[in-house]
Every structure is written in structure tokens, then in C-alpha cells.
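According to TrEMBL:
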ACT_SITE  212  active site, proton donor
BINDING   48, 90, 142  substrate binding site
DOMAIN    13-219  domain 'Thiaminase-2/PQQC'
Ligand SMILES: Cc1ncc(CN)c(N)n1
């Protein structure tokens, strides 16, 4: 008998074009084939540092909701706490990387796409938004980076040596497994969710993908 398709699988198939748009963006192609304009990379670096700082309270709120709204809360808390710990490392990494590239983090002003994305994440921290919705958002946010940067490390890629460490940060196997754990939590929640929560979660899935595309665009000179 064939295994039943999970909700995340259904959405990934149904919204394939947008998903590919977010995970195979020209910014990523530029890293992968070595044609990236380093000023675009530096813009991304500074903006992403601000994003990651704003991402922490979002993840904290997911953690709080996991404690209250999950019937496997020990597992969920462990996975989400692992994510928070990774964010702590990520922030230190951004600081180091910025000084390597001569990017002054204290002078970075968030661009429109970044502000809008952070505002959207903040809206998901409201207690009225049930756990299923932000856990789906969390899974997609992390997975877009995992799939994007892993693509830059595949056989045949010509990623410049000085950008390999960046790609390793999200493209590594451990990060992939962590994304799979988030996906399993999201699917488990979706299985028992109401139709209303499922449609809100699907809309959130799409919004995150759109925000991710806008985020990459911003590094290419968009706003
Ligand atoms: C915009 C964005 N999306 C996702 C990630 C992965 N934490 C990130 N650092 N920045």
C-alpha cells in the first residue's frame, strides 16, 4: 500500500514554482557559479544579521506555544531549543563574517523587504495564532536556506572558496536533519488541525516563500 502523502509534501508539489523561486534564486545561482557580485553578498550579510536578530523572539514564541499546544512537547521543545542555540551561533558568525568582509554592522539600516518580513514574523507571535501556523513558518524559513545553500555545495558547483563557509552554515547535513525534524512536527500538527488552521498555515507557507524571494531580491538591489 502506498504511504499517504503528508500535508507539507502536498503543498511542496502544489506550489512548486514558488518554492523553486525561493530556493533557486539568481542570488544563489550567482554563488553557485561564482558570478556573484560581492557587494550583493555584503548587502545580504548585513540585512540577514538584522533579520536573524529579529528571528530570535519569533522562535522564542514558537517555543512557548510548543510547550502549551503540542502533545509531544518534549520532542518539540528539544528541536526548537536546538534551533535557538543555532541562532546564537549564527549571530556570532555574522559578526565574524562582517568584520572579515569589512561590513560595519552597527551602520546597517533595515531595508523595506526586511522590515516587512520581520513585521510579518512578529504578527505570528500573537497568542491568538495557534502553534500549527508558526511551526509551519519556522520549518519553511529554515528549509529555504538549507535547500538554497546546499545547492551551492553540490557536485558541479563553482562556489568561490571564500563563500564556501557561508554555504556550509546552512547547507550541511546536520542542518538538513534539523529541518526534517521541524517538518515532522509541522506535519504532525497539520494532521490534527482544523480546516481553518490548515488554510491559515498554507497561506503562511506561501507568504514565507514570497518574503524569502523578496529578501534575495533586496540583496540584488531591490528594496
Ligand atoms: C531571510 C532568512 N531566512 C532564513 C534564514 C535561516 N535562519 C535566515 N538566516 N535568513
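Note that the numbers count up from 1, one per residue, in the order the chain is shown.
Quick reminder: no glycine exception, Cβ is built from N, Cα and C everywhere.
Taking the features listed in TrEMBL, we show where each one sits on the structure.
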residue: 48; record: substrate binding site; Cβ neighbours (10 Å): 20
residue: 90; record: substrate binding site; Cβ neighbours (10 Å): 19
residue: 142; record: substrate binding site; Cβ neighbours (10 Å): 21
residue: 212; record: active site, proton donor; Cβ neighbours (10 Å): 24
TODO: Restricting attention to the domain 'Thiaminase-2/PQQC' (13-219), give the mean pLDDT.
DONE: 96
Task: Alpha-carbon distance [the residue listed as 'active site, proton donor'; residue 48 (substrate binding site)] in Å - done: 11
TODO: Do me a favour and check the Cα-Cα span between residue 90 (substrate binding site) and residue 212 (active site, proton donor); whole Å is fine.
DONE: 18
Open item on the list: Centre the Cβ atoms of 48, 90, 142, go out 8 Å, and tell me which other residues of that chain have a Cβ in range of the substrate site.
Closed with: 51, 52, 55, 86, 87, 145, 169, 170
Task: Residue pair residue 142 (substrate binding site), the residue listed as 'active site, proton donor' - Cα distance, angstrom, rounded - done: 11
TODO: Would you mind pulling the DSSP three-state label for residue 48 (substrate binding site)?
DONE: helix
